[in-house]
Amino acid sequence: MRFRAMALAALATALIVPLAQAEDGYRLWLRYTAPASGVAFTPSNIVTGCDDPSPTIRKSLDELDIAFESLTGSKLPRGEAPGQGALVLASAACNDGFAQTDRPDVSGLGQDGYTISTLATGDGDAVLIAGQSDAGLMYGVFDLLMRTSRGEDVRGLSVEEAPSVDLRLLNHWDNLDRHVERGYAGQSIWNWHLLPDFLDRRYEDYARANASIGINGVSLTNVNADATVLTPPYLEKVAALADVFRPYGIKVYLTARFSAPMELDGLPTADPVNEDVQEWWQAKADEIYARIPDFGGFLVKANSEGQPGPQDYGRSHAEGANMLADALEPHGGVVMWRAFVYSAEEPEDRVKQAYTEFKPLDGAFRDNVIVQVKNGPLDFQPREPFHPLFGAMEDTPLALELQVTKEYLGFSTHLAYLGTLWEEVLSADTYVYGQGSTVAKVVDGALTGEPLTAIAGVSNIGSDRNWTGSHFDQANWYAFGRLAWNPEASAERIARDWAALTFSTGPEARDVIVDMMMASREAVVNYMTPLGLTHLMGTGHHYGPAPWVDDLGRADWTPYYYHRATKDAIGFDRTQTGSNAIAQYAEPLRENWSDIATTPDELLLWFHRVPWDHEMKSGRTLWEALVDHYDRGVSQVGELKVHWQSLEGAIDRERLREVSAYLDIQAKEARWWRDASLAYWMSVNGLDLPAGTEPPAHDLGYYKALEFPNAPGQGE
Ligand code: BDP
C-alpha cells in the first residue's frame, strides 16, 4: 500500500484547535467549518435575480446562511443590485432583475445544469451562479459552498456543470415497521407512525445532503414491498415527505407490490392483461398524483425471491412493466423494473439468468420503463465482473443499481470505500459498441442514445446519529451521488473532496485518509473473497464467513454452489466447458476470459475451475496465492489502523476514537474471515499451509458452530 503516513513531528505543528461543536457525524459533509487555509472569499452580499424567489431558491438562500454563519460567524447580507464582490443567483425563472440582454442563459446545459462565472458590474466583478432550473441553481450554490469549505477561491472561476444521468435515486429498503432490510445504521428514518403530523428535522437535513450531491429521487420503501404503502393513510404520509423534499428538487418514488389489487381491494387476480387490474392501477396512479403531483413513479421487484409478478399469470416482465407504465404515463411517471431475477427452479447458472430472461425482451418495454440492473450478475459481492446486460439491451434504457449499504462488505463496521468498486464497474469496457464502450457510457445514454437514464443506490441511511452507522460509510453515500451525477468522475478525487469536507482540509491528514479509503475495498476483497471467489457469507444474515454451507433449500443460495471446492480444484467453470456464462459478454472479453492465462487474477475463480497446484502468473501455486491474499487482507487492515492512529491530534477526538474502535472490529473480523476460510479450504484440499504461515486460531468446528441469530439488517 502506498500510504503517506504522517510523521508525528509534522503533526505537532498541524494541531487543530478544539472544535466548538461535537463531531458526532450528524452534519455529514455539510459541516461548513473554516478550511485550514481560511475562507478565501466571503461575498459582500447576495443578490437574487428576482424579487419573488421560489421555494427552491429560498432553500438555497437558507443554505448560504447556514454555511456562511458557520464558516465566518455571520450570514451574508442581502443586496438589491449586483456590485463588486457580490454573489448573484439567477435561473430561467429568476432573472427579471437583469436587463433583457444581460439575462444569463444556460439552457445548453439542460435541466439541472449550472454555471459559476464572473459577472462584470459597473462597480466591479461579482460571482454569478446561474442555473437553467431553480434546482440547477441550487446545485451550483452547493458546489460553491463545497469549494469554499475546501479552501478554494471561487472568484474568477469558470465552472460549467451538468449531470450525465437524469434520474439519480436512492432506493431505501425500509419497511413500514421501520426495520431496514440490509440496514446497519439503526431504524428507518421514516417515522411512519408520526407522519404526516410530525415532520422530523432529519427529513429536511436528509434532503439537503442529497441535494448537495445531486440526488433527485428517493424510493422510500423496500423492494420486497408491502402494498399498505399504497393505501390512502400512507399516501398522505408519503405526500408529507414529498412536500419536504420538493424544494430540494427531490421526487418521491414508491415500490409497487404487484399483487396490490388483490391484497388491497380483493380483486381475484393481478394479471396485467386483465382490464380490472389495469383500471385498478390507473385509478391508483390518479390517486397518487392527486396528492403528489410530481410523484416519480414505481420501483418494482417482481418474480424474484418470492415476490409476486406477471409470470404468476404466464405474462412476461415486459407485460407487467408496461401495464404499470401505462398507468403512470399520463402523469409523466416512470417504472423502474428490476432485473434482479432468478428462477425458482434453478435451471441454469444463476449469474446467467437475468440476461437469459431480459435479453429477449429488448425493445418490448414502453418508453417510460427503465430496466434496473445490479452492477454485477450475482448480487453486490465485494467483486464481480460487470453485468452482461450492460451493452446487450440496445433498445431498452438500463439503470445501474449499486448497493451503498454494505451487506456484503462488512456491514457498517468495516472501512470499505465503495467509490473504487463503482469506478471499476463504470469504467469496465463492455466492447459492445467497440473499444471504449464502458458501462458508464451505456448507462448515461452516450452509446445507446436512450433519452431516459438513471442510476440507483441502495441506501445506507438510518436513524443513527451519524446517519450511516459509521463515519466512513458517509463517504459511500457521498460518492454515490457524485458518481450518479458524473459516472466518469474519479473515485480518488471524490474521496479527496469528501475527506476534506468531513475530516480535515489539512493536506497531510486528508491524504492519509484518502489513501486509507483507496486501499480499503481491495483489503476487504482479500480477506473475504480473493481471486474471484464469491458468495461465501453466512446464510440469511450474511455476517461472516460460511464457505462450508452446502445444504440449503436451493443450491444457488449456498456458498458451495459458487466455489465448488474439492480435493483437487476450486472455482466455477463458466467457460464453454462449463455454464458458458462468458458467452453473454462481447469479444474480446469472451476470448480473454475463456482462457485461464488471459483471465485477470481477480476474476480467476469466478470464471474457472482451477487445480490447487495450478501455477499462477506469479509462479506460486493457486493455494499459495490464495493464502497470501488472505494474509494481505489482514495486514492491510493492520495498516489502516496504524495510519488512522497517526491522525491523533489532527482530527477531533470523538471520531478518532470511534473509527479506531471500528477498525479494531474490522481487524478481528478480517482475521475471522481468513482463519475460517483457510480452515475450511484445508479440510477440503488436505494441503498444509505454506511455510511460515500462521495457522487459523481455531479449528473448523469452532467457526462452523458460530451463530448470529440477531445480526442486524436481516430480510423477512
Ligand atoms: C439481496 C438481499 C435481499 C434483497 C435482494 C434484492 O440479500 O435482502 O431483497 O438482494 O436486491 O442482496 O432484491
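Keep in mind that glycine also has a Cβ here, set from the backbone N, Cα and C atoms.
Sequence annotations record features per position, and here TrEMBL assigns signal peptide to 1-22.
Secondary structure by DSSP for the domain 'Alpha glucuronidase N-terminal' (28-144): 35 helix, 26 strand, 56 coil. Residues annotated as domain 'Alpha glucuronidase N-terminal' in TrEMBL: 28-144.
Among the features that TrEMBL reports, domain 'Glycosyl hydrolase family 67 catalytic' is placed at 150-467. For the domain 'Glycosyl hydrolase family 67 catalytic' (150-467), the model's average pLDDT works out to 97.
Among the features that TrEMBL reports, active site, proton donor is placed at E305. Counting every protein chain shown, the number of other Cβ atoms lying within 10 Å of the Cβ of E305 (active site, proton donor) is 14.
D379 (active site, proton acceptor) carries neither a helix nor a strand DSSP state and counts as coil. Same-chain residues at least 6 positions away in sequence with a Cβ under 8 Å from that of D379 (active site, proton acceptor) are, in sequence order, F340, Y408, H535. TrEMBL lists D379 (among others) with the feature active site, proton acceptor.
Under the heading active site, proton acceptor, TrEMBL lists E407 (among others). If you draw a 10 Å sphere around the CB of E407 (active site, proton acceptor), it holds 23 other CB atoms from the protein chains shown.
Look at TrEMBL and you will find 468-693 tagged as domain 'Glycosyl hydrolase family 67 C-terminal'.
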E407 (active site, proton acceptor) to E305 (active site, proton donor) - Cα separation in whole Å: 17
